[in-house]
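Novice: Next up is a structure, given as structure tokens.
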Amino acid sequence: MSDSLWAIGFLLSRDAGLWCKVEGEKECRTKLDPPMDGTDCDAGKWCKAGECTSRTSAPGHVAGEWSEWSPCSRTCGSGISSRERKCPGLGSEARDCNGPRKQYRICENPPCPAGLPGFRDWQCQAYSVRTSYPKHVLQWQAVMDEEKPCALFCSPVGKEEPILLSEKVMDGTSCGYQGLDVCANGRCQKVGCDGLLGSLAREDHCGVCNGNGKSCKIIKGDFNHTRGAGYVEVLVIPAGARRIKVVEEKPAHSYLALRDTGKQSINSDWKIEHSGAFNLAGTTVHYVRRGLWEKISAKGPTTSPLHLLVLLFQDQNYGLHYEYTIPSDPLPENQSSKAPEPLFMWTHTGWEDCDATCGGGERKTTVSCTKIMNKNISIVDNKKCKYLSKPEPQIRKCHEQPCQTRWMMTEWTPCSRTCGKGMQSRQVACTQQLSNGTLTRARERDCAGPKPASAQRCEGQDCMTVWEAGVWSEVHCTPPPLPMSLLSSDSQLV
């Protein structure tokens, strides 16, 4: 360290570096390198491999044999540790060791808390200039350089001006855009399936390191769906599955969802997550969403069944492809694939009637608690979903045609005469139907066509017919002549 710099202290976290103060300036700076081994860090302690450890002498090891693995370079997420061996001889004469003198391996820690920046971004942010004036704090973000993937290039937030801040990133920083390689001592190295950096060991598709690919079978398929909204079960991925991959065929207005038997989930319970890594069924699941396109992948093996679902918001031509591997030999009894437990979820099960007959209304979905099992959905009591977040109903416009005006007439009144010619009337009005279905009076000029008649002639049909007796008329008649036998000689009636 030059005379113009003097150390003001350092953090003892495995992820921290040595902070120094520039003489005559207010800000502190760091290169993220740990203090040199032997630096005092506490009473009776010194620094060794970035750790503040007791000053006890380290146990020696036999020449040519490996030392113990160093502590992991990180406290969360993936880091690396190293070990060394001493070989007989000095300099060029030290040739009795077969292979490298130093080895690196991957070490896994619990996942970093959500919301923390990536490891490379964190290293850039550690270079942020710290002054007494918060408005002058300069924040950095990481920029990957293809030619120097293990150098730390950073750019001020909001600008595209990469600046080289360190020739080496911290050990354990991923390099390469797929994140499969790791930096160690400033070099980007591939990681073998045996966990060693620089190793050529590779997994077969069954997840066996240096295997022949015959210990498992591949399960693959396609899922297509055209109707419905809400959660739809695609399949249940069994325990013991590896190399899980789920990819949408094309961008869609939907979300992939996963849920394990321990109630850990991605995009379940109507809560949509950002892209990231999630712990489900004993494995790390990587969820990627770019715009409307999604992908899910997991290395496995899974320790419990995984329910793969799709959250749909409308009828659509939806499709996805899935594949995974399962062991050819049956799993042990305690890991065997038992019948998966049913899922209870809030689901949109139907549509209510439109609240308007014209002029634009709304219809809402009915939200019900459902049981999903073996791709079958049944409605159950809402109590089964009482601990789940109930989604708001979906709303659609309906009956958007404008409300029309028209002539409305009452029935004709009875004829004013029950028999013969009379008059009858009715009420006539121009009306308009409102969106809620009720009618209101409108101006007569707003109705199409002539106004219907409100009065008309009529003729009563209840005319009765009766018999009427008149005056008897006189009858005039002449009696006929009597027979001669009845007359006497004197013409007297005998």
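The backbone N, Cα and C atoms fix where each Cβ goes, and this holds for glycine too.
Unlike curated records, TrEMBL annotations are generated automatically.
Owing to the predicted nature of the structure, the values given are computational and were not obtained by experimental measurement.
Look at TrEMBL and you will find 18-53 tagged as domain 'ADAMTS cysteine-rich'. Positions annotated as disulfide bond by TrEMBL: C41-C52, C72-C107, C76-C112, C87-C97. Positions annotated as domain 'ADAMTS/ADAMTS-like Spacer 1' by TrEMBL: 219-327.
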Novice: Near the Cβ of C87 (disulfide bond), how many other Cβ atoms are there if near means within 10 Å?
Specialist: 15
Novice: At a 10 Å cut-off from the C-beta of C72 (disulfide bond), count the other C-beta atoms across all protein chains.
Specialist: 21
Novice: Within 10 Å of C72 (disulfide bond) (Cα to Cα), which of the disulfide-bonded residues C41, C52, C87, C112 do you find?
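Specialist: If one measures from the Cα of C72 (disulfide bond), no disulfide-bonded residues come within 10 Å, so the answer is none.
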Novice: Which chain-mates of C76 (disulfide bond) that are at least 6 residues away have a CB under 8 A from its CB, listed by sequence?
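Specialist: The answer is N109, P110, P111, C112, P113.
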Novice: Cα distance, C87 (disulfide bond) to C52 (disulfide bond), nearest Å?
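Specialist: With the alpha carbons as reference points, the distance is 27 Å.
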Novice: How big is the gap, in Å, between the Cα of C87 (disulfide bond) and that of C41 (disulfide bond), rounded to a whole number?
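Specialist: It is 31 Å, counting Cα to Cα.
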Novice: Give the distance between the Cα atoms of C107 (disulfide bond) and C41 (disulfide bond), rounded to the nearest whole Å.
Specialist: 25
Novice: Provide the number of Cβ atoms within 10 Å of the Cβ of C112 (disulfide bond), excluding the reference atom itself.
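Specialist: Cβ-Cβ neighbours of C112 (disulfide bond) within 10 Å number 18.
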